[in-house]
Amino acid sequence: MSIVLVPVGKVDPAELRPLREFLGGIFSADVKVAGRVPLPAAALNPGRGQYDAEVVLESLPSSGEAAGADRALEVAGVDLYLPGMNFVFGIADRKKALISLLRLRQSFYGLPEDAEVFRRRTVVEAVHELGHTFGLAHCEDSRCVMHFSNTIADTDRKGPGFCPSCRSRLAAGETRPGQRQGRKD
Ligand SMILES: [Zn+2]
Ligand SMILES: [Zn+2]
C-alpha cells in the first residue's frame, strides 16, 4: 500500500511532516511526498475567494508520482468549497482525496497559533478523507475519525483513530475505492 502526498499551490513542506509520520502507521502504507502541483486557475471563484474542491481534485495529473501510488492525498493551503456549501475541510473521490489546511489553523478563528492543535487537526482530516477512499462512510460515533465534521469543534472532539467498527472494516480489507463524498468534510 502506498500513499503519496501532493502539495497543491503554496504549502509549507514542514506542514506535511505530521502526515508523513503518522499516515504510514495508520494505514500500513508507504508514504511519499510528490512535487507540488499548481492550483488550477479555473477552480478559483473570485467572488467567494475560494477554490472549488472538485475542480482542484479533478485537476490532479493522471500521470506522474501520484498516478503510481495506491492513494493520493492533495494538501492545499487555500479555502475550499463545493457548490451549495460555505466551505469544505476536504473531499474524497475514489482513490484520491484533498484537504485544506486553512481552517485547521487557530489563527483562522482569531486565536493564537497552536502548532500541536494544527498538527492534530491535519492528521484527523487526512485520515478522515483517506478513510473515505478505503470505502468507509460517515460513522455515528462522535469520537471516531470517520464522524462527520460540520465545524472545527467536531474535528477537535474526534481523534485520528477509528472506532472498533470502522477499524475492523478497514482491517478486513474492504479497500474498494470509496464513493464520492460531496460533503462538508
Ligand atoms: Zn467509526
Ligand atoms: Zn467525510
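Note that Cβ sites are derived from N, Cα and C of the backbone, with glycine treated the same way.
Per TrEMBL, these features apply:
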- His128, His132, His138: Zn(2+) 1 binding site (BINDING)
- Glu129: active site, proton acceptor (ACT_SITE)
- Cys139, Cys144, Cys163, Cys166: Zn(2+) 2 binding site (BINDING)
At the Cα level, what's the spacing in Å between Glu129 (active site, proton acceptor) and His138 (Zn(2+) 1 binding site), rounded? 10
Could you check which of the binding-site residues His128, His132, His138, Cys139, Cys166 have their CB within less than 6 A of ligand 1? Cys139, Cys166
In the structure shown, which of the binding-site residues His128, His138 has the fewest Cβ neighbours within 10 Å? His138
A correct count of other C-beta atoms within 10 Å of the C-beta of the residue listed as 'active site, proton acceptor' gives 25
What three-state secondary structure does DSSP assign to Cys139 (Zn(2+) 2 binding site)? coil
Between the Cα atoms of Cys166 (Zn(2+) 2 binding site) and His128 (Zn(2+) 1 binding site), find the distance and write it as a whole number of Å. 11
If you take the centroid of the Cβ atoms of Cys139, Cys144, Cys163, Cys166, the listed Zn(2+) 2 site, which other residues of that chain have their Cβ within 8 Å of it? Leu136, Glu140, Asp141, Arg143, Val145, Met146, His147, Phe162, Pro164, Ser165, Arg167
By CA distance, which of the binding-site residues (Cys139, Cys144, Cys163) lies nearest to His132 (Zn(2+) 1 binding site)? Cys139
